[in-house]
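Listed in Swiss-Prot for this protein:
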REPEAT    154-188  repeat 'PPR 1'
REPEAT    189-223  repeat 'PPR 2'
REPEAT    227-262  repeat 'PPR 3'
REPEAT    263-297  repeat 'PPR 4'
REPEAT    298-332  repeat 'PPR 5'
REPEAT    333-367  repeat 'PPR 6'
REPEAT    368-402  repeat 'PPR 7'
REPEAT    403-437  repeat 'PPR 8'
REPEAT    438-472  repeat 'PPR 9'
REPEAT    473-507  repeat 'PPR 10'
REPEAT    508-542  repeat 'PPR 11'
REPEAT    543-573  repeat 'PPR 12'
Amino acid sequence: MLVAGNALNCLFIDSSGFQRYLGFGVTNLNGATVKSYKQEGFVIDERGKLKRFNRKKLSRKRCGSLRGRGWKYGSGFVDGIFPVLSPIAQKILSFIQKETDPDKVADVLGALPSTHASWDDLINVSVQLRLNKKWDSIILVCEWILRKSSFQPDVICFNLLIDAYGQKFQYKEAESLYVQLLESRYVPTEDTYALLIKAYCMAGLIERAEVVLVEMQNHHVSPKTIGVTVYNAYIEGLMKRKGNTEEAIDVFQRMKRDRCKPTTETYNLMINLYGKASKSYMSWKLYCEMRSHQCKPNICTYTALVNAFAREGLCEKAEEIFEQLQEDGLEPDVYVYNALMESYSRAGYPYGAAEIFSLMQHMGCEPDRASYNIMVDAYGRAGLHSDAEAVFEEMKRLGIAPTMKSHMLLLSAYSKARDVTKCEAIVKEMSENGVEPDTFVLNSMLNLYGRLGQFTKMEKILAEMENGPCTADISTYNILINIYGKAGFLERIEELFVELKEKNFRPDVVTWTSRIGAYSRKKLYVKCLEVFEEMIDSGCAPDGGTAKVLLSACSSEEQVEQVTSVLRTMHKGVTVSSLVPKLMAKSLTVN
């Protein structure tokens, strides 16, 4: 009988069933030993077939048990072997997913016998938690193994912990574990370096990621022999943070220069990268490249490619990829269908998206929450707010709880219709359903009130944001500056501009362009140039919108020529800020 107070009762309820299914030797509270079981287990091979394996025979291989071969970053279990969770492992998993108290976890795990089978169960549970993205739970289990258990931790345990801390942006803890690994005289694996690099990239510390590559060379790993796992982790880590697109491309090019052959996963990452940057033509180019290199695309490749075209509303191209996927013998899953629906939604064809939705159901693929959200968005974009609400209600009827995004998409649909009453009702319903409106929702209401000229309500929301849990962000001020600019309240614009700087917000190109646009509407050409000079001096690069509002401020052909001349210099490497004072001087002379 395996009982250790209430904590264990919640984990091991049926002791007879426990012995019948698990049967390994366990010492109970009275010191008696439970009879051990036959060393036999089950695995699912790479073809999805259930097979038996002899745990005893496996445990006598190098390193013992599944140590050193049980888990590998990026591929689950090595050699296509995915051990099925044993009954005791399933109970451990269920308990760990609910428990957050380290002491209770230690009490329960401490009752496990110090056997290879227990070790395998713990590692299998940790890997399953990783698949479920339960980073806190992984930390609870692996920290217990490392600090408090009688088990001898191995590199797998360290790697799982480094991964979990990296995912939580706790790079210092990941770094500390790497140092501890070295001090414990373990040899870092390629996975160790890959996960540490990814942790640094996710934290925005690219320089430290480069240091890890140097560290690899110090351990006699030359640049030519750095594996694909490390490069993939580097690229993936850079992709986790906005603004690192060029750095990720550089790593991909370096990888090819070092003659490290990209894998399907590498190409999938890069196709996704270009897709998110709205460069579907580059995604397509990479797809063609991988085919020419005999690198076989998988379902994730096609999903990424359909998504790339979907973001630009290229539904015909997305459908071609969908057909190619099926010609290659792959079965579309819910993610592919969702991506194809998104392409029709972005292209402004809600009924096309609805046809894909029906096709998905007809083919036996169950729509998920994202599928319904896409349909709400598709109808909302087309101004069919009643249809959007019908999908929203159908989702609730089926027991799919609407998320913040679901409410936001419905809110956006009615906002486009300028239906204030309905929008206010949606926000109220969110609170009643336990989904508290966030800054994004309040910004949407702010924009709606502003567009309708209801400035009192707009200022009321701003006051709530200053005193409530949802604080204002740079988008809040961009909306306010744009609304007041269109209304001609120039003094209020300057007050808001000072206020956002006091709150340590950095004005972006939208902020500056909205501010210039306010003066442009009044044809205050010189003031527009002054603000433009401030913008350049602050290090903010103008875009097409900035050029448009500057040109609209011009009231003569000469002013148009002056502005055009300055804008052209942006593409010739000339310092624009040095030309603005001259332009202003000419303008004042003319006036």
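The first residue you see is number 1, and the count goes up from there.
Glycine is no exception: its Cβ is also placed from the backbone N, Cα and C atoms.
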Discussion item. Are there residues at least six beyond either end of the repeat 'PPR 3' (227-262) with Cβ under 8 Å to its Cβ atoms? List them, or say none.
Written reply: 73-74, 166, 190-191, 193-195, 197-202, 204, 206, 209, 213, 216, 269-270, 272-273, 276-277, 290, 293, 295
Item to complete: Please average pLDDT over the repeat 'PPR 9' (438-472) for the predicted structure.
Response: 89
Item to complete: Go ahead and report the DSSP secondary structure tallies for the repeat 'PPR 9' (438-472): helix first, then strand, then coil.
Response: 26 helix, 0 strand, 9 coil
Discussion item. Give me the DSSP three-state residue breakdown of the repeat 'PPR 7' (368-402), ordered helix, strand, coil.
Written reply: 26 helix, 0 strand, 9 coil
Worksheet, complete the sentence: Taking DSSP helix as H, G and I and strand as E and B, the repeat 'PPR 2' (189-223) has 27 helix, 0 strand, 8 coil
Worksheet item: In terms of Cβ proximity under 8 Å, which residues at least six beyond the ends of the repeat 'PPR 10' (473-507) contact it?
Response: 439-440, 442-443, 446-447, 450-451, 453, 455, 458, 462, 465, 514-515, 517-519, 521-522, 535, 538, 540
